[in-house]
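Features as listed in TrEMBL:
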TRANSMEM  12-34  transmembrane segment
TRANSMEM  40-60  transmembrane segment
DOMAIN    63-141  domain 'YdbS-like PH'
TRANSMEM  227-248  transmembrane segment
TRANSMEM  268-289  transmembrane segment
DOMAIN    299-368  domain 'YdbS-like PH'
TRANSMEM  403-424  transmembrane segment
TRANSMEM  430-448  transmembrane segment
DOMAIN    450-529  domain 'YdbS-like PH'
Amino acid sequence: MRPQRYHPLVMLFELGRLIKNSAIAAFYLFVLQWQSTSAFVFYGRIIFYFIFGISLMAIIQRWLTKRYELDEHAFQLYKGLLKQTKQSIPYSKVQNHSQHTSFVHRMLHVTSLRFETGISGEDAAVVFKAITKAEAARIIERVTGSDEAQDEQLNASSHQDDAAHEGIHAPARLHGEQAGGRSACNVNLSEVLDKDEEAAPNNISVAQNRSTRTIHFQPTRKDTIKASFTSLSFLVLIPLLVSFYFKLNDMFHVEQEAEGLANQVLSSWWLTIIIILALIALSLAFGMVRTYLLYGKYEISSDDSHIYIVRGVLNESSFSIAKDKVQAVEIKQPLMKRLLGLAEVKLTSAGDLSLEDAKLSSSSLYPYLPVQQAYAMIQEILPAYELSNMMQKLPKASLWSRLARPSWIFIIALGALLYFTPSWFGFHGWWWVLAAVLLISIILTRILDYRNARYVMNQRFIQFRTGSWSTHMFISKREKVIEVKVARNPIQRWLGLATIETTNRSKPIYHASIQDVPLEQAVAFFEWYKGRAKEIKLTD
């Protein structure tokens, strides 16, 4: 294959970004100050024209001078005009790849493609901001060396074939206890595809390749509603309305009219109740629509070698990572999710796992999974990872170690309260009331942190759970841990405790630790890590 330029629509997307970045300055210079004759505005417009013109020429120059080539083993990237440079990125360095099709991409019948590598630096990713779906499929097939490319092409173009899309993404039936309506788990796509005998002929081979996957999760309507409440998306509408009012007032000075309307509404109790109920209904509807656009067509599936995540309604995104590239697994439960029995499962990889212009990190399997289903999904998607429910508790000395540590937050807050001595409602003793409440909160948080802390080390895996009001669980294979560390502070030395820490490859480097484990377990931690030498494979 000879070196070729990127798609011409790359210039259009870069022009759109340039206009977006210049919008505030342009609005100020040419809308708010359109009648101004000051020297500042005059020269500001000249500078704006100059920078915008230079940026426009730079967009064209980059497109003319940047090329790419795919050989048998690596990306060959060329750039530069007077000083040309060539960068070679082996396919073996690719950690994961993602495909994002925004609404504008869909209108122009293109998509964007991004390959993340474990290489550090600015050019760590190979990015195609605009590329045809056929070319994207060809590149994916060349890089991954599998039929996955045809699946990616189906995901990107599924909106053009509603019948095929409905057949493939139909909610799958559940097995056993989940048959009552929970999201699908362990359902083979061949059951769905067998029902779609009238699909277009050009999709038959793609469907056959896709049938080798197992669907692990598709959100039901109940999941979407629960996600909208858990994410508090319904609260976003009110700040948007307030922001819109202030912008409208700045432009058209409607403050007096708004005050008159507000007084008229407040003077009528029934009208006030109707408006409040209408705002609540609009907020709930807004939150559900926003959540549906993000998670409505979510799908988690896998085959023998890869994990696939497809999501988005208007903006479609697909993500794929090889199972052997997963460095660690995280299970996060903020307070709201703990109360509702939900969890978020995230994958750690040596490459960047974020999607450009996306609201959600692609490393997240699904942010609102039921806890037990999250545990089951990890074992199904990553059978090489062992998730243990029998974890060791910390000794009681760990609680005293936590309580004995000084709290800088409490010390600083106490000093501020003593200095300002707040006096509200004629009471001058608020400083010690607030100090007592803060102290009790800190003690309770540390007790919860002690009770939630767990750890386990078995033959090839390590697992931590930490957190107080929110919890965080970390699971990694020994061969994926690149560094371990044991630290002891004076209190820990006195009580015979230690802090153990692991380091995994990621962007940025990922550190996981648990405090106040017994010293003998810290010694065993080092001995456990020595076994890694028998598991790692050195490559040239």
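Any Cβ shown, glycine's included, is placed from N, Cα and C.
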Residues from the same chain, set at least six apart from the ends of the transmembrane segment (268-289), whose C-beta lies under 8 A from its own: 224-225, 228-229, 231-238
- prompt: Looking at the stretches 40-60, 403-424, 430-448, which one shares the most CB pairs under 8 Å with the transmembrane segment (12-34)?
  reply: 40-60
Message: At a C-beta cut-off of under 8 Å, are there same-chain residues at least 6 beyond the transmembrane segment (403-424) that contact it? List them, or none.
response: 430-431, 434-435, 438-439, 442-443, 446-447, 491
- line: The DSSP breakdown of the domain 'YdbS-like PH' (299-368) into helix, strand and coil residues is 9 helix, 34 strand, 27 coil
Field: Tally of residues which DSSP labels helix, strand or coil - the domain 'YdbS-like PH' (63-141)
entry: 21 helix, 38 strand, 20 coil
